[in-house]
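**Q** Among the features that TrEMBL reports, domain 'NADP-dependent oxidoreductase' is placed at 29-301. Feature annotation from TrEMBL assigns active site, proton donor to Tyr65. If you look up TrEMBL, you'll see Lys95 marked as site 'Lowers pKa of active site Tyr'. TrEMBL lists His128 with the feature substrate binding site.
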Amino acid sequence: MDGCLEASLSPLSIPEYVLGCSGRRMPLLGFGTAASPPVGSQLTKTAILQAIELGYRHFDTASLYRTEQPLGEAILEAIAVGLIKSRDELFITSKLWCSDAHGELVLPALQRSLKNLRLEYLDLYLIHWPVSSKPGIYEFPIKQEDFLAMDFKAVWKAMEDCQRLGLTKSIGVSNFSCKKLGDILAFAKIPPAVNQVELNPLWQQKKLREFCKANGILLTAYAPLGAQGTIWGSNRVLECELLKEIAKQKGKTVAQICLRWAYEQGISILVKSFNKDRMKSNLEIFNWSLSQEDVKKINDIPQSRLCSGQDYISKYGPFNTTQELWDGEI
């Protein structure tokens, strides 16, 4: 079954997308838990509880972020205080780190994530980056000499096994180019449901969007506002003069313009703010629309990638340059 947008809205008015292969309903606006630099577990847990209270139901974590545990604690507390009736009301995504991206280590890594989250299953499990590293070493940045070429066939087969076992309802990838997605699709018995990548009005990924649409893969945007405040992010999206002009005309924030634009392109979005007012504002994008003229102006913005992936480049390989990492999509 190909994925499709649901015409009806959930009770909390966040539209959902039915993922191919699994039929899972994924809220198209999710709450990201990555913080760079990291914040404390208690702050993360409090923010997640506030997000659940406001209506967020899709939460994105990863073993790298060290936010699985506070997310798990927040879910238990949300059930205990009656914010939700059960875990089944939520859509939880986590990711396989590079040092676990080896065929025989995928299942144990997922089981560790489930233990941290205190869950019986994930809704979505993603390969975090298209590269492996020396097993047993959990650090970021990864030492250049520790990178290894990923055995895509072995790792993807293990991901498929995790879905067949019911430990994750869907599987996908993150930071994959058209070429690398094509490599997976060439042998996959269960195709990737999602590709999570940097995507915003200043890096629109038009080629990748077309490829994913043609192959029934949902694109999910991280850094939809440019990841301002993170080590690698920038304020260039929120400070873009054109976006500020459109926001002023519409009586919206620049953030809302960016999120609405992505939603109208058929992209799912991850937002990350631990500020309650901004969390609420980020949800208020579904009862209005951009004009065709606005969309055309946004689509004509000059493009450049923000997340270069430089941390995954090594003189020892497998990727010696960012050109190789992104297969020229830069």
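Cβ atoms are placed via backbone N, Cα and C, with glycine included.
Note: TrEMBL annotation is automatic and uncurated.
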**Q** When you measure from the Cβ of Lys95 (site 'Lowers pKa of active site Tyr'), which residues in the chain that are at least 6 apart have a Cβ under 8 Å away?
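**A** Looking at Cβ-Cβ distances below 8 Å from Lys95 (site 'Lowers pKa of active site Tyr'), excluding near sequence neighbours, one finds Thr61, Ala62, Ser63, Leu64, Tyr125, Leu126, Ile127, His128, Ser174.
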**Q** Measuring CB to CB from Tyr65 (active site, proton donor), give everything in the same chain under 8 Å that is also at least six residues away in sequence.
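**A** Those within reach of Tyr65 (active site, proton donor), by Cβ under 8 Å and sequence separation of 6 or more, are Thr33, Ala34, Ala35, Pro38.
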**Q** How many other Cβ atoms are found within 10 Å of the Cβ atom of the residue listed as 'substrate binding site', counting all protein chains shown?
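**A** Result for the residue listed as 'substrate binding site': 20 neighbouring Cβ atoms inside 10 Å.
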**Q** Across the domain 'NADP-dependent oxidoreductase' (29-301), what does the pLDDT come to on average, as a whole number?
**A** 95
